């Protein structure tokens, strides 16, 4: 796009997000700063992104009829999936009919909506290094795959879930049924199918944020952010930092893998490519065709954060992935199961040097629900990590009184 309209006018440039959580909220803000009219869609009312968008819509996004009806009614220029649980076959149908452009493409949305599509693409089509894996449809198949192929320890995940839900490590035979039951409970759209992966004894894991954006000649160029290190607990990110130190050979392999998979997915936008690293060896893990939770650290480390990069790239604008400072992020959990909670300690948190926080505005809290994030920058990334965790620890969510 080279011309942008005025929001809420007949010539507005309209973008619809499918999924409006904390990541979508920041994308919406970035789009609005560029004069875009925004439509925030989610499965529940008052989702974080709906609180800041021009228009809020609530539907079951995995229902093809509801999704088609909404897109045909709103007629956005772009549809931007921000979650996996979407009727992607309908997106492909609408894209093929010329009704809408899907970011990055409808095919990419379909392939990345579950772990099977993207793993088969990476390992079987592109030949990228991955952990050994088997897909299973029953507890019996899971046990057989472990016994004959994968071995112990191993990792079990639902084919579709988010934020690590349903993911667990199996140390031995006694853990298999528990892991299966947990995966069935944690799948976002349960089809009774899991992936079991051989355990890689990696040194660390990173997210390689990769941006496909138009260059001055109108051709797609690939840009890389500095690698983001992160720690996950049960598959859910709890802290991240940027940059993560890497050997040059490992860095180049990481970027080659990221480019291979994002080139195949195509389109424009930011992708979060997760990788395991041991020495100079690198294995592909997963990819999301959208901003990544570990990439929230870029709100304090880059001149253009991951949300601004995504917004610019999908609109056909130039991008800048340069780092401005080392930094870190740490998750603020809900700590309680309640609606409309309040947060104490915000001022104390912000007294930690060089810190900031984001409270997402989710209408309902759970003990382990991500309700905010603390950010910290420092020339020394380890100082930034310590400060981010300290700031996060000072924010105290609680049930509102009265």
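Glycine residues also receive a Cβ, built from the backbone N, Cα and C atoms like all the rest.
Small disclaimer: the values here were computed from a predicted structure and weren't measured.
The annotation N(1)-(5-phospho-beta-D-ribosyl)glycinamide binding site is assigned in Swiss-Prot to 22, 23, 82, 293, 362, 369, 370 on the grounds of sequence analysis. In three-state terms derived from DSSP, residue 362 (N(1)-(5-phospho-beta-D-ribosyl)glycinamide binding site) belongs to neither a helical nor a strand segment and is classed as coil.
Here Swiss-Prot flags 115, 157, 162, 163, 164, 165, 166, 167, 197, 198, 199, 200, 205 as ATP binding site, drawing on sequence analysis. The 10 Å shell around the Cβ of residue 205 (ATP binding site) contains 19 further Cβ atoms across the protein chains shown.
In the predicted model, residues of the domain 'ATP-grasp' (120-315) average a pLDDT of 94. Marked as domain 'ATP-grasp' by Swiss-Prot on the basis of sequence analysis: 120-315.
Listed in sequence order, 205, 206, 207, 284, 285, 286, 287, 292 are the same-chain residues at least 6 apart in sequence whose CB falls under 8 Å from the CB of residue 274 (Mg(2+) binding site). Per Swiss-Prot, the feature Mg(2+) binding site maps to 274, 286.
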| remark: As a whole number of Å, the Cα atom of residue 23 (N(1)-(5-phospho-beta-D-ribosyl)glycinamide binding site) is distant from the Cα atom of residue 115 (ATP binding site) by 20
| request: Fill in the CA-CA distance, residue 115 (ATP binding site) to residue 22 (N(1)-(5-phospho-beta-D-ribosyl)glycinamide binding site), as an integer in Å. | output: 22
| note | DSSP, reduced to three states, assigns residue 369 (N(1)-(5-phospho-beta-D-ribosyl)glycinamide binding site) to coil
| task | Can you see whether DSSP assigns residue 274 (Mg(2+) binding site) to helix, strand or coil? | result | strand
